[in-house]
């Protein structure tokens, strides 16, 4: 057989494998999207109790540095009270940033990082957000437990509202509010709809791989990613962000590292022939740790995966059911849940929706919810 013939066969095989993978992923997606979840109905008394609890949280005296001090007390040397939230351009490089590759660090990506930072003029919270003597953050999860609780007006009272990935505001204002201070996501999770971006909010990106750097560069330069570069994303990514460069930030990867290796005590990532062997926290857990660095007090809403009820809604905005969490290998959800439950029970953070630990339920469980 000729060399040319062998090359053609290899090319055909590669093309076949690519097509097969795309078809397989599409079939899986269709199967998940077609699944029907149980209808969630919330007792009006439960809604009233949730509102009363949220009001009590907001009317209490704000305690300066409470979250940071409590995290330091709880985790001692495993939590860095002075950790910067976002990456800053500096001549004095923090060596810890280069111990690991993304998302735990920037090893081997110093050039790409500096090119991006040259295009981002700011590195902190917007003016007026960081000057308050005592501020409150709330991290909004995507959990289906938010649906029907009508916590929107309570959420909008917080100084900093952090939303995750493409979780929508439009059409869900009654349950999740309409205020967005930070939209935190990786490229694949960035909202497609321009209605989910606001002129006074920040877009905080978490960089997981080399292609993420290329995507952010393209967005900042208003360029289009090549077809080849797009192959390295597990789903399609938005080509443009309707934001100014001063609204974009890069999450400090040491926040991810602190969440994973120090707080959750995951094993350090090991470099393999293909990328890193890593156990990555969910972006929700990372955002909660970020919030403890940004604000004096922290609340959450929309958290808590109840894997014992596989047919209840996973999110407040789509048709995925809870059992979809069993089909992903990246996150140790059970370990995260135990950690977050502990933080809520010990009062380090407040859970407005009661999905992790319900302070406004008589039996410390999420009551008043039925499925049909």
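Every residue, even glycine, has its Cβ placed from backbone N, Cα and C.
All annotation found in TrEMBL is predicted automatically rather than curated by experts.
What TrEMBL records for 137-295 is disulfide bond. Of all Cβ atoms in the shown protein chains, 27 besides its own fall within 10 Å of the Cβ of residue 295 (disulfide bond).
TrEMBL lists 12-32 with the feature transmembrane segment.
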Number of other Cβ atoms within 10 Å of the Cβ of residue 137 (disulfide bond) across all protein chains:
26
